[in-house]
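Comments concern the structure below.
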Amino acid sequence: MSSSIKEVQGAPVKWVTNWTPEAIRGLVDQEKGLLDPRIYADQSLYELELERVFGRSWLLLGHESHVPETGDFLATYMGEDPVVMVRQKDKSIKVFLNQCRHRGMRICRSDAGNAKAFTCSYHGWAYDIAGKLVNVPFEKEAFCDKKEGDCGFDKAEWGPLQARVATYKGLVFANWDVQAPDLETYLGDARPYMDVMLDRTPAGTVAIGGMQKWVIPCNWKFAAEQFCSDMYHAGTMSHLSGILAGMPPEMDLSHAQVPTKGNQFRAGWGGHGSGWFVDEPGMLMAVMGPKVTQYWTEGPAADLAEQRLGHTMPVRRMFGQHMSVFPTCSFLPAINTIRTWHPRGPNEIEVWAFTLVDADAPAEIKEEYRRHNIRTFSAGGVFEQDDGENWVEIQKGLRGYKAKSQPLNAQMGLGRSQTGHPDFPGNVGYVYAEEAARGMYHHWMRMMSEPSWATLKP
């Protein structure tokens, strides 16, 4: 990839169907802050992503409260692979491929529920809640040698593929790769920023309001990057009308200033990132209203959160936080929407979103969270529409030839972030920056070009 935008204007696109490590490394230049647009639209790159990114990363599936009782299940995805997340008799959680080992039909066709077993609707192979094959119709007649009495068919060998499962403070993640680092190592120095939403109270968190799902015709990286690194859009054009519309009538519009104080965090490894405003709660008030804002900043719940987390960072001074855990887990603490961007080819995603609240929050506060998330960050939410419109139009442009012929600029805050911030841990810079985005794309490039954990691991 050229080191200068001017040098490549009008240059021909280099079409690649067999992506070598060298070619992939040329797609992202974090030192110069340049991105090759083909990372968002190339089919062959996407197919490699399914193997090297989604086949090796820890992926968010849901929350422990989605499957509270034995046999409770949630059918979801890891990349494009359908999986089932099931609560076991010993209260652990298993995740296995939603695929019958006979001809590949799904063994679970419900979104969620409770089951004692999963039976394939094609030929009737049945699996227990641990994913063990327990019944095959006409097993003796069809698979056994009647003369010798030796069946030669071992059901224990024909269960669905099992994923690794780990939880972090209520969130359930899974990973196909046995060589990948454990979840806490994978999350690394991003964990304190996750705790701002997940660990405010000893009671933990609970999911409310069900799982909302919708489709956006855009590449998954646009969504993941925005939640990882992009406060810029919220403070400039995209959400200003929605913020003004959501302000309480008693709030003076002259106080609706665009915040200027804040920071951005880039994970030391892993492509995770976060950003937030400092000491400026006006945007939270406009998005979530006075009751949630007061709950988050004042009173017993805020005091308890400060006691639990204040030794790490001044959580009471943080507002409007956004965050992504690479590759596709994103959330907004205080607003408390959390979602997974399930990829559906290079040009489409399914958004699966739910609302998370403190388990011991008053019923009134839980209802406020549910109501405001429907209004703001849901399939019909005002801010969700703003974001989706931008991503869709970008993706439309990338259908063209010239649109993929020159690099995109990711140079905001280049070289300015550093460790040693007095208030916030890790690599921290100014809120209006793209350091976390550069970290995300650099890690994407490494996962795509380094097939071995021997070089990729933290």
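Backbone N, Cα and C atoms are what each Cβ position is placed from, and that goes for glycine too.
Quantities reported herein were computed from a predicted structural model and do not represent experimental measurements.
Lifted from Swiss-Prot, the feature list:
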- Cys100, His102, Cys120, His123: [2Fe-2S] cluster binding site (BINDING)
- His233, His239: Fe cation binding site (BINDING)
- 58-156: domain 'Rieske' (DOMAIN)
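All features noted in Swiss-Prot, drawn onto the structure.
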{"residue": "Cys100", "record": "[2Fe-2S] cluster binding site", "DSSP class": "coil"}
{"residue": "Cys120", "record": "[2Fe-2S] cluster binding site", "DSSP class": "coil"}
{"residue": "His233", "record": "Fe cation binding site", "DSSP class": "coil"}
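Summarising the environment of Cys120 ([2Fe-2S] cluster binding site), the number of other Cβ atoms within 10 Å of its Cβ, over all protein chains shown, is 20. Rounded to the nearest whole angstrom, the C-alpha distance between His102 ([2Fe-2S] cluster binding site) and His233 (Fe cation binding site) is 49. The [2Fe-2S] cluster site is set by Cys100, His102, Cys120, His123; from the centre of their CB atoms, other residues of the chain with a CB within 8 Å are Arg101, Arg103, Gly104, Met105, Ile107, Tyr122, Gly124, Trp125. The CA atom of Cys100 ([2Fe-2S] cluster binding site) is located 45 Å away from the CA atom of His233 (Fe cation binding site). When the alpha carbons of Cys120 ([2Fe-2S] cluster binding site) and His233 (Fe cation binding site) are compared, the span between them is 47 angstrom.
The separation of His233 (Fe cation binding site) from His123 ([2Fe-2S] cluster binding site), Cα to Cα, is 52 Å. The predicted model assigns the domain 'Rieske' (58-156) a mean pLDDT of 94. Helix, strand and coil residue tallies for the domain 'Rieske' (58-156), in that order: 10 helix, 38 strand, 51 coil [DSSP]. All protein chains considered, the CB of His233 (Fe cation binding site) has 14 other CB atoms within 10 Å.
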